[in-house]
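Chemist: Sharing a structure, written as C-alpha cells. Questions coming.
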Amino acid sequence: MTASTATQPNRVDGAGRLTPANPVRFSFDGDTYHGLAGDTLASALLANDIHLVGRSFKYHRPRGILTAGPEEPNALVGIARGAARRQPNVRATVQEIHDGLDATSQNRWPSLTADVGEVNDWMSPVFAAGFYYKTFMWPKKAWDTVYEPIIRRAAGLGVAPDQPDPDRYAARYAHCDVLVCGGGAAGLSAALAAAESGASVIVCDERAAPGGALAFETDARIDGQDGHRWATETAAKLAAMDNVRVLPRTTAFGYYAQNFVALAERLTDHLDEPAPSMARERLWQVRAKRVVIATGAIERHMVFANNDRPGIMLASAARHYLNHYGVLIGRTVGVYTANDSAYAAAFDLKRAGADIAVIADIRDTVDPALLEEAGRLGIRVLTHHAVVAAGGKLRVSSIVVRPCRGGSRQVIPVDALIMSAGWTPSVHLFSQSRGKLRFDEDGRRFLPGEYAQDCASAGACNGAANLAATVEEGLAAGEAAAKAARPKATAKPLSIKAESGGSWDGLMLGAGPNPEAGKVVKAFVDFQNDVTEKDIRLAVREGFHSIEHVKRFTTNGMATDQGKLSNMHGLAIAAEALDRPIPEVGLTTFRAPYTPVTFGTIVGHGRGALFDPTRRTPMHESHERAGAVFEDVGQWKRPWYYPRAGEDMAAAVNRECVTVRKSVGMFDASTLGKIEVVGPDAAAFLHLIYTNPFMKLGVGRLRYGIMCREDGFIYDDGVVGRIAEDRFHVTTTTGGAPRVLNHMEDYLQTEFPEMKVWLTSTSEQWAVIALQGPKAAEVLAPFVGGLDLSKEALPFMSVAEGTFAGVPMRLFRMSFAGEDGFEINVPGDYGRAAWDALHDKVAEAGGCAYGTETMHVLRAEKGYIIVGQDTDGTVTPHDAGLSWAVGKAKDDFVGIRGLKRPDLAGGGRRQLVGLRSKDGSTVLDEGAQIVADPNQPPPMDMIGWVSSSYWSDNCGGPIAMALVEGGFDRMGETLYVPMPDGVVEVEVRDTNFWNPDAESDNG
Amino acid sequence: MLLIHCPYCEEARPEIEFRHAGEAHIARPADIASLTDEEFSRFFFYRDNPKGITFERWRHLHGCARFFNAARDTVTDKFLVTYPAGEAKPDLVEAANENAKGAT
Ligand SMILES: [Zn+2]
C-alpha cells in the first residue's frame, strides 16, 4: 500500500482506474482527507469510509451517498474556494476533488452527527404532505414573525454566498450538422458514424470522462476491446477530427424550439488553481440540424422503511465506485433487488473482497445462470423476499428480510446495502423537445413516442435491451442524422460488434412488498424533498387524482434533482392508490434545466456594466466635471442636478429653478428621441399619426403634438418642426423614441403603404441644448450665424436653420419651462464643444446649468405633462386637459374612433388638475391616493392619485398635479390625501401654477 | 430561440433580430371614424388564440426593419410560411409542400 492509500480504508488495491501515485488532499467539515486524482468527492469520502454526508431537507434525517452521478438527490455539500466562492448544494457525486478542495456538509446544526433539527423527524406526523398548505393559514400576522423565520431555518438546503461572484462566465453560439447529447456507448457510436461521413459534430457528456455506464460495466466488450477503453479511445479519436468537437463536463440542459440546445460546460471547478484568465463555466447555445439524444438510463432505488440510511445506495453506484474508483463501499453488503443488474454488482463486490450477506430478490424466478454464479461465489439468494426495514441511524447496521407474502423476519447485520428497482430511461431532453412519450406496458416505462423535432433517441434512453442494441442504435442514429443534414455526402456504414454479460431485465415500480404495513415508517420515494410513500397515498386520499396535483401537494419530484429517481415510483404508487393504469394518471412534464445550472452560466458576460448598455450624451464629461449628480432614465445617464459646495439636492434644485426664471439656464436635452420624417406625403402622414392637424403647419413653424394609440389613449408627445415642405423634425419623449418609430413604421408599412414617406431615427445625430430664461436670446446671440433672433424674425414656436459657432444648427424657439427659450440642435460630435462654449456665457450672465429635476419642476409650474408620469396608458388628451390639441375638423387620425368610445367620451373620467396643499408646506407623495371624505371607514373610495409633486421656490410652496374623477368640475373643492404622517388637505385648482395671470406668448 | 425566415432578406435569422407584432390580416378600416362600437371592438379588441395555425405579424427589427406575416403552429412553434405584409393569406397546403421540397 502506498502512503496515500494508507489513510483510505475502503480503497482496494488493484481495483479501479485511478493511479495511487496521484494523491489529492481535501477537507470535509474541517478535517483533512486523502483521495486520488480522478475521484469525485463522493468516491473520495467513501474511500475514507464516510457515508454520512448531510441532513435531509424537511426531517433533517442523516443522509449518505445514493448514486454515483448527476442524478444524486442526497449528497449535497457546500464547496468553498475562498470567502466569495461558496457554492451550496453541489452534488458530491459530480464534484471532482482537487488539492485544497474545501467541502462542508449542509443543513445541520450544531454538527452533522448531532443535529437539533432532527426534532422534525420525531414530529413528522405533523409534517406530512400538505402540512405547509394547511397549517400556516392563520393568523396572517404570524407569517412574518413566526412561521417564515422558523421554516426558513429548519427546512432548506445550503446557504447562498453573501458576496459577489468573482468568477467570469463565457458564452458561445455554435452551429453543427449533428449534436450528440451523451457520450456513452450510444452517443459515441452516433458521433463516430456521423463524423466519419464528414458531418460537423458536437458531442457532449456531463461527466469528466466519456463512456457512461461503461465506467462500471467491466464485462462490456466493444470492437474487441474493454468497453471503457473503447470509449476513451473513441472519444480521443473524435476529438482529433477537424469536424468534431468533444465537450466533457458539459450538460445538455435545455432543448428548445428548432433544435436549439443549451449546454453548460464546467471549466475550472475540478482544477487546483485555475488561471485567473479562465472562465469558470461556459454556456453553449447550439443550433443543430439534427440532434441525437443518447442520455442513457438511471437506476431506481427500492422503496422500504428507512431506505434513506447512509450506507444504502444504488447497485450500479456501488459497482461504479468499485470498478472505476477502486472503492469498496462496505465489508458486509446486503443486496435488495427486482432486477438482474444488481447481481453483477454483487458479484463484483464479492470478488473484490466484500462479504455479500444476502441477495433479497422480490421476483419468484430469476435467471438460473445468475443463481448458479451466486452459488459458485457462496452468495445466499432469497427469491421472493423483500427488505422491509433497515436498522441503524447514522449508518445502516442491519436489514430486516421477510418473504414477500409475509412470514418470519430475519435480521441480517450489514454495513451497506445496495439496491436496484430497475432502470428509468432518461427521456428528459426528448420530452423538452416536445416529443410525446409513450408508455411501454411490458417494460413499465415511458419511452420516446412521436417526435416533434429533427432528432432521434438511441440506446438506453430509447429502451435498448442491451449493449449490442445500444451501439447498433447509436450507429444508425448518427448515420441517419448525418445523411439528413448533408444529403449529398456519402459514407460507408460503420459496424461495431459489442457484447456485455450484463442484462437490464427486471423492474419494480412503487413501494416494495411491505407485510408490516400500518406501522409508522418512512419509506422514501423522493429523498431530496423527504417525500414518503405514505405522503403520496395521503395525497390521493385527500382527493388529488392528477399526478400534476399529487406532485404539487407532496412536492414529489419538485426538488433540484427533479425526481430523476422518484417520479416513476411516485406515479406507480398514485396509480395503485387510484386503481388506475399508469398512463391514465400521467407523467409530469420535464422542464429545463436537466440538472441545476448556475446563474453565472446563464447570465454570462451580461452583468455589472455589461448587464445593460449605458447611454451617455455627447456632453456627459462636461456634466461630470461640473459635479452633476446623475439620474438613470431608461438606459440614459442624465444630469439630475448640479450641486454646488454645501448644497443638498433641495438647495441645488431651488437655486436652479429660480435662476432659470430670473436670468437663464441651460439643460442637456440630447436624450430626446428624434425622427426625421421626409417625403411628399410627410405632412399627410403626420396628420394621421398625431391628433393635431398638420397639413397647414407652415415651413419654419413648430407644433406640440400628441400621439394616441387606436384606443384613444395618449401614447407619446413631442414637438414637430417643419423644416421644409417635405421634411419634418419630430421629437419624442426620451424613453419613447424606439416605440414611436416602431409605431410610425407599422402604420407606414402596413396601413398607409401608398404614402411616400421615409422615417429615419436621428436621436444620436443631434446633440440638444435647451437654453431657457429671460436672458436666453442675449446669451445665444453671439454664437449664431445666419439668423435673426428677434421675436419678429424668429417668433415663439418656430424653427430655423443657421450656424452655432460655425457649426450647422437647427434652432427651435420653444420652451418646456414657460420662458423665452431655445432648443439648440447641433451635430452630435459638436455637442460638447457647443455646451462648453455656451456654458461660459451662461455663467457670465449669472445663469447656470440645470438638471432633470429642475426641468421637471419648471414644467410642472406651467402644468405641462410628462407622458408616462402624468399619464398611465388610460389617459386621453381630453383627460389631460389637451382638447385643444385634438383636431376637431379632422376626418381621420390614429385614435379618432377610440376617443369616441362611450367610456372615454362619457363623464366621470379622471382629469388632470392642480393641487395646492392647504398647509402651504407639505409636498405630497407622488402616487398618493386622493379621497373626498377622509372619515370614510376603509375601504375608502379613492377618486384619484397624485401624478407629479414638487416644492417650488418660484411659486412659494408645494405644487402638485393629479388625476381626479371629474376633476375639471371640482375647481376650488377641498379633497384629502392620506399620507403616512397624516391626511393632507388640498384644494383643487388649474395646473398653471406659474404666472397664471400674466399675458403670456410663451406658453 | 426560434429561427425565422425573413421574406425580404430571404434568410432564416435568430428570433432576437425580430419583434412580434400581433395578429395578422386585421386591416384598419378606411372609414374607421364611422364604425359602430360593436365594429370597433371587433377590430381593436378581439383576437384569435388558436391551438394550431396562427397568422401573425413580425418585424425584422434588427435587420431590414420591415413588417411581414407568418403562419405558425402554436403547438410545435413551427413556421409554415412567412410572406410580405399586404399579401393575401397563403395556401398552407402549398406552403407545406414547398417546405418539404426545400428540406430535401
Ligand atoms: Zn429582413
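Glycine residues also receive a Cβ, built from the backbone N, Cα and C atoms like all the rest.
Just so you know, TrEMBL annotations never went through curation; they're auto-generated.
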Chemist: From the ranges A:1-21, A:715-735, A:862-882, pick the one that TrEMBL records as region 'Disordered'.
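Modeler: Among A:1-21, A:715-735, A:862-882, the range TrEMBL annotates as region 'Disordered' is A:1-21.
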Chemist: Over the span of the domain 'SoxA A3' (A:522-602), how high is the average pLDDT in this prediction?
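Modeler: Across the residues of the domain 'SoxA A3' (A:522-602) the model's pLDDT averages 91 on the 0 to 100 scale.
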Chemist: Where DSSP helix means H, G or I and strand means E or B, what are the helix, strand and coil counts for the domain 'Aminomethyltransferase C-terminal' (A:910-993)?
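Modeler: Residue counts in helix, strand and coil order: 4 helix, 45 strand, 35 coil.
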Chemist: DSSP-wise, what's the residue breakdown of the domain 'SoxA A3' (A:522-602) into helix, strand and coil?
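Modeler: Taking each residue of the domain 'SoxA A3' (A:522-602) in turn, the totals are 37 helix, 6 strand, 38 coil.
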